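Participant: Take this structure, written in structure tokens, and hold onto it; I'll ask about it next.
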Amino acid sequence: MSDLQTYISDNVIRFFGLSDKAIVDYIIASASSAKTPESLFSTLNAYGLPDSAAAQTFVSEVYSRVPRKSKHKKSDDSARKQAEKESRALQSQKYSFVLDDDEPSRDVVELKASERKSKDKRERHTRKRESDAREWESDEEETVRKRWKGDDEGEREEAGAEDSLELEDEEARRERERLSDQKERDAFAQRVRERDREKTKRVIEDRSSKSGDAAEAAKRRQLADDSEARERAMPSLRVHSRQEYLSKREIQRIELLRQEIADDEALFRGMKISKRERKELERKKELLRIVEERLKIDDKYEGYQLPEDYITEQGKIDKKKKENVLYKRYEEAKPKDDQFVTDVDQWEAKQTSHSAFKVGAMDKPEMVEDYEYVFDESQTIKFVMDVTMHGEPMSEKDRLLQAQIDEAEKRAKTIDETRKSLPIYKYREDLLTAIKEHQVLIVVAETGSGKTTQLPQYLHEAGYTAGGMKVGCTQPRRVAAMSVAARVAEEMGTKVGYEVGYSIRFEDCTSDKTVLKYMTDGMLLREFLTEPDLAGYSALIIDEAHERTLSTDILFALVKDIARFRPELRLLISSATMDAEKFSGYFDEAPIFYVPGRRYPVDIHYTPQPEANYLHAAITTVFQIHTTQPKGPR
């Protein structure tokens with residue numbers, strides 16, 4: 001703290017009873033801005049300074065010891081003036097450098113500003129320009145003289161400006177600088193606009209024509225220049241714009257209607273559609289037919305036109321108009337769609353068909369070359385039967401009778417009857433009851449019992465897909481997911497991707513209406529990444545769990561946690577083997593539902609001796625079975 005601040009702090013405690021740095025700074029600031037000690041005393045007296053002789057002595061001492069702002073301002077002004085003088089001297093040196101290259105006698109330019117100023121004062125009243133002197137003076141000397149004169153005037157103006165700067169205060173200087181900056185800014189903007197206008201390419205229009213596009217362009221220019229004419233023409237322009245928009249909109253809506261009809265026909269092809277959908281499709285077709293018929297009516301006029309009279313006012317017949325009326329009927333008689341075709345048109349169509357003539361009957365079947373498979377009997381692989389796994393014990397008579405019954409039923413069965421014939425159909429109600437009572441259920445059924453195709457349909461029919469929910473079924477292979485989805489879609493009477501879809505790697509055949517989704521194990525793992533709780537699924541079926549792929553084992557851990565997190569989720573583990581106890585123990589002793597089914601007889605054969613090339617032996621066995629065994633059931 002300086003001596004002045006210490007002095008003020010001690011006296012502040014004396015007069016005010018307390019001292020603070022803010023009070024000391026305020027007194028110093030007030031003293032530096034006050035013009036007289038009396039004004040400083042009145043300022044401090046308003047804030048509690050007592051009116052006494054000691055207080056006045058303190059104020060006078062502070063006023064005398066506090067530095068004045070005018071001193072700083074004067075020093076700043078002197079520094080600024082010095083910088084301006086240096087810049088002017090540098091500018092005069094620039095002019096001298098330019099003139100030194102011309103003549104050595106022109107060193108007068110390097111005179112100091114003060115010498116030129118005094119010389120100008122002495123010789124101002126005697127110096128005159130004579131007409132004869134201008135005759136021999138060169139342009140360069142004239143230029144030098146102008147520069148001298150300009151420098152002298154500049155010096156005088158700058159000297160006067162220095163005197164005026166000393167008189168003006170800070171606020172006036174700021175206002176002057178602001179106006180100067182504003183003026184320079186406007187001048188710069190004007191220069192930029194002029195430069196852009198010079199660089200802009202001017203397009204020359206042909207305004208001589210008074211018809212066609214030129215007349216329309218001239219009319220638009222006139223409207224753009226005249227605001228009143230534009231306001232008067234605006235209502236008619238709006239009507240014209242609306243008419244053009246309606247015509248374009250009509251074409252767009254007609255094309256959109258065609259696309260909607262084509263999409264509906266492609267989507268509903270081979271499907272059973274409801275009455276509402278059929279009525280909507282027929283309505284669209286009828287609407288399109290009516291619109292197209294109306295568009296075909298083209299009289300080339302937008303309104304009624306009076307017929308032309310080809311008899312002139314003098315009572316003579318105008319031959320040209322008469323011929324136009326006669327030829328017009330040939331133009332109107334040109335064939336249109338679904339109209340009469342003339343003989344000439346028929347002859348042209350016949351000649352066109354002859355040019356594309358094809359030999360042979362149109363209904364002749366296409367010849368397909370048949371190749372007979374020739375099997376080398378020397379390559380036959382012999383097998384020795386080891387054991388036969390019999391099915392249900394049936395007599396020979398019963399077996400023949402069963403074969404006849406199967407053949408008869410195969411010809412008469414429909415898709416619904418095929419579903420009812422599956423072994424799992426008998427346990428449909430028991431399955432749904434068990435699924436409703438238990439969150440996790442292990443389903444064990446033989447291959448071909450219908451668990452893969454029927455279980456998702458049972459859940460869909462029981463209402464597990466209500467409210468936009470889905471039933472998911474996983475398959476270990478992509479081909480299985482695609483084929484099962486196609487079969488279930490056929491049984492439900494829909495197309496793949498509509499209510500039944502599948503999702504495999506690089507292919508997603510689903511939509512927003514899909515309720516039964518078949519997918520591979522890996523795709524379900526991907527869905528866990530985007531939707532960890534699988535909120536869109538009400539039931540999950542892990543099919544072919546006995547194959548134990550890597551993705552299946554990972555899914556077991558994930559779905560186990562999801563089942564604990566979502567009590568409403570139903571989880572079905574489907575397997576075709578008798579190792580269901582392991583799955584039941586893993587899922588907290590989940591119940592096991594067995595679906596008994598008929599096992600077809602399976603013969604197990606072994607080769608008498610090892611084969612040298614098992615790949616060759618496998619391929620040969622496939623062809624051997626193909627040629628020796630009868631066709632299997634489809």
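Cβ from N, Cα, C; glycine included.
No curator has checked TrEMBL annotations; they are predicted automatically.
Dumping what TrEMBL says about this protein:
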type	residues	note
REGION	65-241	region 'Disordered'
COMPBIAS	74-88	compositional bias 'Basic and acidic residues'
COMPBIAS	105-136	compositional bias 'Basic and acidic residues'
COMPBIAS	152-170	compositional bias 'Acidic residues'
COMPBIAS	171-210	compositional bias 'Basic and acidic residues'
COMPBIAS	216-233	compositional bias 'Basic and acidic residues'
COILED	271-298	coiled coil
DOMAIN	432-596	domain 'Helicase ATP-binding'
Participant: Six or more residues out from either end of the coiled coil (271-298), which same-chain residues have a Cβ under 8 Å from its Cβ atoms?
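Facilitator: Same-chain contacts beyond the flanks: 254, 257-258, 260-261, 264-265, 336-337, 493-495.
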Participant: For the compositional bias 'Basic and acidic residues' (216-233), what are the DSSP-based totals of helix, strand and coil residues?
Facilitator: 17 helix, 0 strand, 1 coil
Participant: As a test of reading the model: what is the averaged pLDDT for the coiled coil (271-298)?
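Facilitator: Across the residues of the coiled coil (271-298) the model's pLDDT averages 87 on the 0 to 100 scale.
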